[in-house]
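Scroll down for the structure; my scribbles are underneath it.
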Amino acid sequence: MPVSTVMLSQVFWVRLAALLFTCVAFSLAAHSANVHGGMADWCIFCWVFSFTCTLLVLLVEQFGLQARIPVSWSNFPITVACYAALLCLSASVIFPLFFLKEQGWWYADERSFRITSTIFSCLAAVAYICEVSLTKAKPGQVAGYMATVPGLLKVCQTVVACIIFILISNPVSYSHHAALEWCMAVYCICFIVSMVVVILCVGECTGFLPVPFSQFLSAYGLLAFLMYLSAVIVWPIFTFDKKYRRGGDMSKQIGVAVLTAINMLLYLADLVYTAHLVFITK
């Protein structure tokens with residue numbers, strides 16, 4: 001059997017498994033686990049989004065409709081898989097953290113459903129990680145931008161920013177000082193531009209930019225890294241210093257600080273990879 005056929009069959013079964021796992025996770029959470037609030041909505045969104053997009057990819061590929069879909073099929077499936085992997089991974093951490101704390105016999109049934117949702121969320125994350133590893137670009141292989149390391153890093157950057165938005169906005173923890181509003185501006189600007197890059201690549205619209213795409217990525221990578229570097233410095237100072245602190249949930253504010261540092265490192269790695277592709281490989 002040709003290697004390509006084996007690879008396609010592996011990807012198909014991994015996607016099918018992920019479809020089943022996400023379906024079980026959101027079905028139990030929505031109908032039997034009795035969970036409410038913003039974090040519950042985020043987790044259910046993660047599973048439903050992953051399920052819906054995976055189902056779309058499976059149907060398009062099984063019916064051979066790639067040419068009729070107005071997106072780049074060399075970029076779309078791996079983008080979906082990477083987003084789904086990160087979303088399910090975040091749900092696998094957030095869901096038990098917020099909804100497995102309750103004790104007492106009256107929570108026994110709900111707790112069992114919540115544990116089951118968490119288990120299937122973890123299985124879905126593993127399945128999507130396997131799909132990304134099977135479909136990402138190999139060294140020397142010609143592939144779409146989203147199948148390369150910089151493309152996958154763009155997905156990671158936007159997902160981390162989404163989690164920051166959730167933590168920073170409920171309750172609002174950035175409005176009492178201009179420096180924290182600057183941090184919020186950094187998160188928003190970089191999220192929007194990274195999402196635009198993803199959309200341009202998936203929609204095969206990079207040619208519409210007034211400058212070469214590679215130069216745009218290099219300039220944006222440097223600017224985003226410097227902006228996040230400033231946020232890494234400013235956020236802890238104006239959040240944890242007693243002179244500026246306004247109370248609130250410190251665990252969420254610590255989470256924002258950690259995620260800001262993670263995104264700064266992601267932008268640094270993106271900048272290094274992009275510079276290597278643009279300047280060194282020429």
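Including glycine, each Cβ sits where the backbone N, Cα and C put it.
As recorded in TrEMBL, the features of this protein are as follows:
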SIGNAL    1-29  signal peptide
DOMAIN    6-140  domain 'MARVEL'
TRANSMEM  42-60  transmembrane segment
TRANSMEM  80-100  transmembrane segment
TRANSMEM  112-130  transmembrane segment
DOMAIN    145-279  domain 'MARVEL'
TRANSMEM  151-172  transmembrane segment
TRANSMEM  184-205  transmembrane segment
TRANSMEM  217-238  transmembrane segment
TRANSMEM  258-280  transmembrane segment
Cβ-Cβ under 8 Å with the transmembrane segment (42-60): same-chain residues at least 6 beyond its ends: 12, 15-16, 18-19, 22-23, 25-26, 29-30, 35, 66, 69, 73, 76-77, 80-81, 83-84, 87-88, 90-91, 94-95, 121, 124, 128, 166
Distant-in-sequence neighbours of the transmembrane segment (80-100), which means Cβ under 8 A and at least six residues beyond its ends: 18, 22, 25, 29, 33, 35, 37, 39-40, 42-43, 45-47, 49-50, 53-54, 56-57, 111, 114-115, 117-118, 121-122, 124-125, 128-129, 131-132, 135, 146, 152, 155-156, 159, 163
Local confidence of the domain 'MARVEL' (6-140) - pLDDT mean: 87
Within the domain 'MARVEL' (6-140), residues counted as helix, strand or coil by DSSP: 109 helix, 0 strand, 26 coil
